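According to Swiss-Prot, the phosphate binding site annotation covers S10, R52, H53, T85, A86, T189, on the basis of sequence analysis. The substrate binding site annotation in Swiss-Prot covers M188, D212, Y213, D214, and the record cites sequence analysis as its basis. Here Swiss-Prot flags S170, A224 as site 'Important for substrate specificity', drawing on sequence analysis.
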Amino acid sequence: MVKVGIIGGSGLEDPNILLNPTAISIDTPYGQPSDHLIQGTINGVECVLLARHGRKHDIMPGNVNYRANLWALYSLGVDVIIASTACGSLKEEVAPGHLLFPDSVFDRTNSRKATFFDGTFSGAPGVSHIQAHPTYNEKLRQVLISTAEKCKLVHHRTGFGVCIEGPRFSTKAESMVFKSWGASLVNMTMMPECILAKELGIPYATTALVTDYDCWKDEDQVTAASVMKVFAANVEKAKTLFIEAVAEIGKIDWSAEILQTKTAARQSIMISPDVEVEFLKVPKT
């Protein structure tokens, strides 16, 4: 049966969504993940929960050890990953309290370790020129969308986010430029998480929890307090979504999807095909 990794953003680090939760401490070649990983089940499906910012929310977006987080989930054998992320809206119709299921991302980060293939001692062999499109696994994305429809949660099926370095919010000039690009969201944690999952050959999709209108909208000033107030209201929606989505994911045979994802990741590496990459092993056909 499939094993689901869940990366929870702000507010979604509650281990009580799991039955029989067990905390697991893991060290990785890339250092420590953000917190203990919590293993348990949801609707009979094995799950591993990781709080992206730590359970005390004391790790800012640029300091999250994304590589360690993804490697830790891989080492516990997760087959697919679903995530949540708080976002500001760049479109009037994408209102605070809504959910959006991104289909792409524009990367504006500048100081994050964004690949496992970095030539260091701990790094994977070779150089990976991973295809960044499609950014998210479409089959997994559709499960989240259909679950939101089933749960009658107000949501948007498509849209892309601009991922900024943070931890500050956008300037007015930045917000207006991002809006002019046609982006739906501005965010601080979409990258490089989705790309690292692709490098590991793990299907990944995220749910954007809209907390505010970014500062392009003059009448709404973005503050940490206002963001957290709306986010607190979103948390219960996201929990409902994930609990139901995990049940749906558990009904699906993911073997072909995982094979395709791992094969694509292996083919992206500039290295002799005879070199074995342990974490991208696929069954012989």
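Keep in mind that glycine also has a Cβ here, set from the backbone N, Cα and C atoms.
Ranked by CA distance from M188 (substrate binding site), the recorded positions R52, T85, A224 have T85 at the top as the closest.
Comparing the recorded positions M188, A224 on other C-beta atoms within 10 angstroms of each C-beta gives the minimum for A224. Recorded residues T189 (phosphate binding site) and D214 (substrate binding site) have their alpha carbons 16 Å apart, per Cα-Cα distance. Within 10 Å of its Cβ, the residue among the binding-site residues R52, H53 with the fewest other Cβ atoms is H53. Neighbour counts of Cβ atoms within 10 Å were compared across the recorded positions T85, S170, T189; the minimum falls on S170. Site extent for substrate: the farthest pair of Cα atoms among M188, D212, Y213, D214 sits 15 Å apart. In this structure, the CA atom of S170 (site 'Important for substrate specificity') is 7 Å away from the CA atom of D214 (substrate binding site).
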